[in-house]
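Quick notes on the structure that follows.
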Amino acid sequence: MTSALGRLHVLTDADGGPRALAVVAAAVAAGAPVVQVRAKGCSDRVLHDFARAVVELCRPAGTTVLVNDRVDVALAVGADGTHLGADDLPLAAARRVAGPGHLLGGTARDPQQARQLVAEGADYLGVGPAFATTTKTGLPDPIGVAGVGAVAAAVPVPVIAISGVTAARVGELIAAGATGVAVVGAVTGAADPGAATAELLRALEDSR
Ligand SMILES: Cc1ncc(COP(=O)(O)OP(=O)(O)O)c(N)n1
Ligand SMILES: Cc1ncsc1CCOP(=O)(O)O
Ligand SMILES: [Mg+2]
């Protein structure tokens, strides 16, 4: 079943450890509509078990679960979708594996790339890097609010802005045309991830 796509995507921090699950529980309890399992550098077994635990935390709350990079793991744990970047399985190939009822998102930084991903069947796009971030290294220069807006104007699917997103920056991103935002540090790095999630949700509500 394809779940509706929420406007706040909380991405787990890369290590997928026990604190990561506690952050997910706090974000879900605070009303996060989407959690993305993003764990780097771990074994398939660790990623699978972590993703399964996230699904078990999210299902009772009706929270949509996406898995970063790995459509096989997403399907194995019953997640709602998969997020695919330039180094991941091509989106069209993932669609052949996953079938029509699985949310597939792609990463885009410009209108041409965005239109290509939509043509391949993307249900939504993660667009950025909007602002500079220390969470992920090796990123190209930020595209800024204007760059997010240029992509949003070019495609009919939801645009989720990512990179350096804070509650204070939500309004300008939505005003530029983004549907929602994706965050790592704003929640996982917060002393109170639940309160941080609620602040982001308020900022999104205020930006309608
Ligand atoms: C919502 C959302 N947007 C963009 C990304 C980045 O994905 P990708 O380019 O595959 O980079 P990694 O996250 O795999 O480092 C995302 N994960 N989610
Ligand atoms: C996964 C990813 N892709 C582009 S930036 C990023 C990390 C975003 O992290 P933060 O929200 O802490 O800037
Ligand atoms: Mg990826």
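The backbone N, Cα and C atoms fix where each Cβ goes, glycine too.
In TrEMBL, annotation is done automatically, which means it is predicted and not curated.
According to TrEMBL, the protein has these features:
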type	residues	note
BINDING	Q36, V37, R38, A39, K40, N68, T107, K136	4-amino-2-methyl-5-(diphosphooxymethyl)pyrimidine binding site
BINDING	D69, D88	Mg(2+) binding site
DOMAIN	17-187	domain 'Thiamine phosphate synthase/TenI'
Cβ atoms other than its own within 10 Å of the Cβ of K136 (4-amino-2-methyl-5-(diphosphooxymethyl)pyrimidine binding site), all chains, total 15
Could you find out if DSSP has R38 (4-amino-2-methyl-5-(diphosphooxymethyl)pyrimidine binding site) as helix, strand or coil? coil
Out of V37, K40, T107, K136, point to the one nearest D88 (Mg(2+) binding site) in space (Cα versus Cα); all of them are binding-site residues in the record. T107
Return the residue, from the listed binding-site residues V37, A39, with the maximum count of other C-beta atoms within 10 angstroms of its C-beta. V37
In all the protein chains shown, the tally of other Cβ atoms within 10 Å of the Cβ of T107 (4-amino-2-methyl-5-(diphosphooxymethyl)pyrimidine binding site) is 23
DSSP on D69 (Mg(2+) binding site), three-state: which is it? coil
Can you list which of these binding-site residues (Q36, D69, K136) have a Cβ closer than 6 Å to ligand 2? K136
Between the binding-site residues R38, K40, where is the Cβ count within 10 Å the lowest? K40
Around the Cβ of N68 (4-amino-2-methyl-5-(diphosphooxymethyl)pyrimidine binding site), the count of other Cβ atoms that are within 10 Å: 24
For the binding-site residues Q36, D69, D88, which one has its C-beta crowded by the most other C-beta atoms within 10 angstroms? Q36
